[in-house]
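Participant: Below are the features listed in TrEMBL for this protein:
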- 1-63: domain 'G-protein coupled receptors family 2 profile 1' (DOMAIN)
- 80-330: domain 'G-protein coupled receptors family 2 profile 2' (DOMAIN)
- 82-105: transmembrane segment (TRANSMEM)
- 117-138: transmembrane segment (TRANSMEM)
- 168-186: transmembrane segment (TRANSMEM)
- 193-213: transmembrane segment (TRANSMEM)
- 233-253: transmembrane segment (TRANSMEM)
- 281-302: transmembrane segment (TRANSMEM)
- 308-329: transmembrane segment (TRANSMEM)
């Protein structure tokens, strides 16, 4: 019969001679509009027939005025890739430096900063997952998309989904920790750290495992990178749940903080500690969740350009922003770096003085 063939637009799966196959108009950004029209091909003795009707007749084309417009749209995606590559590279460098600072200075070892390190790690995984996904899916423009259903490709997408989920759930942990800190002032927070780790890493792992099993069982085609599949809600629903719970925490923490700041029983040092952590967390919760909720209310094909810009370009700098808020602008971190820098300078001056004294006495 006719073997599986990639015609540059759609994948035609193998059929015996004398049979036909139909595919829907592909959803290609800036090329075809969303359409439910079907294109047919027959399997003849001499091979596949030409698509009937042709793509340009069956599918509604986006308005293309000239070659310049086509080149502009092609350069748009190149520009987007350059921007988010720079963004993720900047974020990764900042996050590795922030983890190094928290790990190196003994006085910064505490439950709060341990949670920050896990949060930073989730961003590092997300940035790495984007680069891995790009390398697997888009390394070769002439790739045969009929053969993209490989273990490596599916593993890259599964890792990407896990890193995104972990990112949102560690933000949820940051909000939960802040709320626990405000509600249970005199309770040791070390007893909760394993629960936080279970939520931050365990829930995303369980969700992705369920999604992988579901795709293998009911929808095992392609590279699993299609967001039109109904099983995409296995990933999307937990993310929306995390954002919704974080928003409730956001409202509750704001209420508790207002009460504590007005309270005359709270010392000035506690108020400063609350304010320092709260400013960072309360800024991040709406910043990370609002745009996702807005886009979640619409179908995947609505506002694609805006969605790409928020998810890829602005999203790529979120790791840098987190490192800035939780580490580089943290007064406690700055004081510890200054103290150790002063000690290092003093030891260097002392060593130079001792060397000079030895030379003089010699």
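Every residue gets a Cβ built from N, Cα and C, even glycine.
No curator has checked TrEMBL annotations; they are predicted automatically.
Explain the structural surroundings of these features, please.
Facilitator: Predicted-model confidence for the domain 'G-protein coupled receptors family 2 profile 1' (1-63) is 80, expressed as mean pLDDT.
Beyond the transmembrane segment (117-138), the same-chain residues lying 6 or more positions past its ends with a Cβ under 8 Å from any Cβ of the stretch are 81, 84-85, 88-89, 91-92, 95-96, 98-99, 102-103, 148, 152-153, 156-157, 159-160, 162-164, 166-167, 169-171, 173-174, 196-197, 200-201, 223, 225, 316, 318-319, 322-323, 326.
Outside the transmembrane segment (193-213) by six or more residues, the chain places 111, 114-115, 118-119, 122, 154, 158, 161-162, 165-166, 169-170, 172-173, 176-177, 231, 234-235, 238 with a CB less than 8 A from a CB of the stretch.
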